[in-house]
Amino acid sequence: MQQGSDIAPKAVSTRIVAGIWWFFTLIMISSYTANLAAFLTVERMESPIEGAEDLAKQTKIKYGLKQGGSTYAFFAESKISTYQRMWAAMSSARPTVFTEDNEDGVERVSNANGMYAFLMESSSIEYVVERRCDLMQVGGLLDSKSYGIALPPGSPYTGAISSAILKLKENGVIHELKTKWWKRRKGGGHCVNEDTKSSSGKAAELGLPNVGGVFVVLIGGMGISAVTAICEFLWNARELATDENASFCEELGNEVNFILKCSGNTKPVRKTQSTTPEEPLFTYGSNNYDANYSYGRDKK
């Protein structure tokens, strides 16, 4: 960035290239710095809570769950201190933070402007956030449980159904069915894009749209420089044709051939035709001193 050069561009086209490149570098660094700072700031504002521990440590954001459900029973019977504090806070909250069903809890989160969190099963949360772009899943699992099919005690179908479920799970069929109905059908996958925050709490990386404008400037500058270089080339060929009394097409062809050869750093110059008669390099004539010579025999 700060290293200089002993060779300065003289032609207009090369000066445009150098100027656009310097402008591109400056804007690229400035845009990246500004977008990165703004992006990280927005992420911190959108995700003040990263898990159940963060909810238990604060009192500003209220949180609740469906009354009488499995999540309700989990918190009511939990022996973990964090979940016990959360249960005590939910039980004593006024107005109540419990809801009649999950739909009411989802709507309450949507209308609370970030001041209410709803706790429910991860499968239900994943289904909702795939279709409601104003909601997001935060934190990991509080507990791990599996779904099953209820059968009467001693049913002869228990073993066969259990074996079939295990086989479907091993073959990936259950995972494919969940992907189909959670992320593909009935509006699923509508909110999946590069700008959404993943459930792990990691921010999505900056993409081309964040800095795409500066590349447009760079390409436009290169185009202007190319047009300017062509105009300079044609003007130079015209000047040479005028100075050497040759046709423009002939000089243009010579210039193009010289460029395409790329085999030397010197260009031959056309020998000009003189319109005046050639003068001798040496002039013969008499000078101020005359010499007389005689031919014959010497007299003795």
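The backbone N, Cα and C atoms fix where each Cβ goes, glycine too.
Looking at the candidates Cys191, Cys231, TrEMBL gives Cys191 as the cysteine bonded to Cys133 by a disulfide. Going by what TrEMBL states, the L-glutamate site holds Ser70, Thr71, and the candidate of Glu100, Glu103, Glu107, Glu121 recorded there is Glu121.
The record assigns Ser70, Thr71, Glu121 to the L-glutamate site; their largest pairwise CA distance measures 8 Å. The most densely surrounded of the binding-site residues Ser70, Thr71, judged by C-beta neighbours within 10 angstroms, is Thr71.
Other than the site residues Ser70, Thr71, Glu121, same-chain residues with C-beta atoms no more than 8 angstroms from the centre of those residues' C-beta atoms, the L-glutamate site, are Leu65, Lys66, Gly69, Tyr72, Ala73, Phe74, Met120, Ser124. Per-residue pLDDT, averaged along the domain 'Ionotropic glutamate receptor C-terminal' (14-184), amounts to 86 for this model. For Ser70 (L-glutamate binding site), the nearest neighbour among the listed recorded positions (Ile49, Cys133, Lys167, Cys191), judged by C-alpha distance, is Ile49.
The distance from the Cα of Cys191 (disulfide bond) to the Cα of Glu121 (L-glutamate binding site) comes to 20 Å.
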